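Novice: Summarising the annotation, TrEMBL assigns region 'Hydrophobic' to A:1-23. Among the features that TrEMBL reports, domain '4Fe-4S' is placed at A:29-88. If you look up TrEMBL, you'll see A:Cys46, A:Cys49, A:Cys54, A:Cys71 marked as [4Fe-4S] cluster 1 binding site. The feature domain '4Fe-4S ferredoxin-type' is assigned by TrEMBL to A:129-158, A:159-188. Positions annotated as [4Fe-4S] cluster 2 binding site by TrEMBL: A:Cys134, A:Cys138, A:Cys144, A:Cys178. TrEMBL lists A:Cys148, A:Cys168, A:Cys171, A:Cys174 with the feature [4Fe-4S] cluster 3 binding site.
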Amino acid sequence: MIEAVLSIGGIGLLAAVTLGVAARKFAVEVDPRELALLETLSGANCGACGYPGCSAYAKAVAEGKAEPSLCTPGGQSTLEKIAHIMGVAAVGAAPQVAVVLCQGDNLRAAAKYRYLGVVDCVAAQRIADGPKICPGGCLGLGTCARVCPFGAIEMTSEGLAVISREKCTGCRKCVGACPRQVIAMTPLDATVHVLCNSHDKGAAVRKYCQVGCIACMICKKTVPEAYVIEDFLAKVVYEHYQESGAAVEKCPTKCIRDFVDGYPEGSRFAPPVVPVKRQEAV
Amino acid sequence: MTELLLILVGAIFVNNFVLSRFLGICPFLGVSKKVETALGMGMAVTFVMTIAAVVTWFIQYFILIPFGIEYLQTIAFILVIASLVQLVEMVVQKTSPVLYQALGIFLPLITTNCAVLGLAVLNIQKEYSFLESVIFALGAALGFTLAMVLFAGLRERIDLSPVPASFRGTAIALITAGLLSLAFMGFAGLVKG
Ligand code: SF4
Ligand code: SF4
């Protein structure tokens, strides 16, 4: 009896002491704000903030890497609490809208092979990196349209995803669902976008897509501050989106698009979004 | 040498912990939606199982048997395994935050993983020597990882398939697990377990 008590007690004691020492020795410092933030957040782990879960988002906010306003389910009250913890003003982020950065449907972008499998972009992407030659283009099998809780995405008959700027709430579900990262979140006010997602060189893009960005720099020359070209792909600098419209007409491949002119062909979504007059090229 | 090899192969295929002995079913069903996480869990279990085999072997032969208190085996082993997992968690968190992030919730989950306790008890029941215990632990853990990864791969595919509505989710996962287990029964007779 006494041996039993002593030995099991001994093992327990040893374990406790070891753990106690280890807890001190290996203690990892956690930002107290991070813990406070974690308590404030809803704990729903819905991913609307764009992070894998509430704790990841709390960490990002505490480190100053994320805006305090990304927790949509929490609403205004959560935003205020987060802002209080971080000691910043409680300003909501500008409303965002998802945009499919591609116009290469089945007519305008070439296929690598004929895909006859499950109608799902993730499945298609697993087979030799997808049936399109373009490594970044929309596969058009509608995975994003199926996850959108608001019915904001439709597929054109030629296989291109188009997002309604009126119906999109900016929940980011589609961004996570798309296996090719074609969908980007952009400010709702900015209607001009470079609708291409290929980082290939111009010559290669020309071979497989009629509407791909060939990095000819014409947009940048037209409005230098509104465009950047990285890795052979032009992008709108959204801080200067007001000026960006001037390059729409100049783009030789027509891959810069102003949504004021309506949605890409084949889409049923209502044409003009906000009828404003585009600035003329200077 | 052949003996050790037989133990290893036997533990991986013939008496696979998950698919033939039905130990560690909860992580098997819980963390096998993605191949990556399944692999992470497998790695963590491999690590803990091997250390646990070593420590429990010493406890059995240097404490429990000399004092004649073998009947306290379960308590003693649980105690040690739980503390061990805690210790491993702390060390990993400090030394490799990246790995810690990757393993995430799986590390603490191992504390309550019956496969680890099962392994420790089996080692004693089978009267394995120290080296044999370690090899058996390694085999068991590799078998566990293999089952996890295979199952996760199957589930990734099932996700994309048109499964009838009444079978979706857990139902089809359980049927798949059953079929996988049947498939592993095919290894019976390869080695005498
Ligand atoms: S945007 Fe992405 S998910 Fe949507 S159809 Fe195109 S490739 Fe598929
Ligand atoms: S999934 Fe969300 S972000 Fe994407 S289109 Fe639908 S509402 Fe917009």
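Just so it is clear, glycine is given a Cβ too, placed from its N, Cα and C backbone atoms.
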Novice: Filter the candidate list A:Cys46, A:Cys49, A:Cys54, A:Cys144, A:Cys148, A:Cys171 of binding-site residues, keeping only entries whose CB is under 6 Å from an atom of ligand 1.
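Specialist: Cβ < 6 Å from ligand 1, in sequence order: A:Cys144.
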Novice: Cα of A:Cys134 ([4Fe-4S] cluster 2 binding site) to Cα of A:Cys174 ([4Fe-4S] cluster 3 binding site): how many Å, rounded?
Specialist: 20
Novice: Could you state the CA-to-CA distance between A:Cys49 ([4Fe-4S] cluster 1 binding site) and A:Cys171 ([4Fe-4S] cluster 3 binding site) to the nearest Å?
Specialist: 8
Novice: Using DSSP, break the domain '4Fe-4S' (A:29-88) down into helix, strand and coil residues and give each count.
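Specialist: Tallied per class, the domain '4Fe-4S' (A:29-88) gives 30 helix, 0 strand, 30 coil.
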Novice: Can you tell me how many other Cβ atoms are located within 10 Å of the Cβ belonging to A:Cys46 ([4Fe-4S] cluster 1 binding site)?
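Specialist: Counting Cβ neighbours of A:Cys46 ([4Fe-4S] cluster 1 binding site) within 10 Å gives 14.
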Novice: So which of the binding-site residues A:Cys54, A:Cys134, A:Cys138, A:Cys168, A:Cys171, A:Cys178 sit close to ligand 2, that is, with a CB under 6 Å from an atom of it?
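Specialist: Result: A:Cys168, A:Cys171.
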Novice: Report, as numbers and ranges, every residue of the chain located at least six residues beyond the domain '4Fe-4S ferredoxin-type' (A:159-188) whose Cβ falls under 8 Å of a Cβ in that stretch; write 'none' if there are none.
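Specialist: Distal contacts: 47-48, 50, 72, 94-106, 121-122, 125, 130, 135-153, 197, 238, 241, 259, 263-264, 266-267, 269-270, 273.
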Novice: Within 10 Å of A:Cys174 ([4Fe-4S] cluster 3 binding site) by C-alpha distance: pick out those among the binding-site residues A:Cys46, A:Cys54, A:Cys71, A:Cys138, A:Cys144, and say none if nothing qualifies.
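Specialist: Near A:Cys174 ([4Fe-4S] cluster 3 binding site), where near means Cα within 10 Å, the binding-site residues are A:Cys144.
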Novice: Give me the non-local Cβ neighbours of A:Cys168 ([4Fe-4S] cluster 3 binding site): same chain, 6+ apart in sequence, Cβ-Cβ under 8 Å, ordered along the sequence.
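Specialist: A:Cys168 ([4Fe-4S] cluster 3 binding site) has long-range Cβ partners A:Val97, A:Ala98, A:Cys148, A:Phe150, A:Ala152.
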Novice: Suppose we draw a 10 Å sphere around the Cβ of A:Cys134 ([4Fe-4S] cluster 2 binding site). How many other Cβ atoms does it contain, all chains included?
Specialist: 25
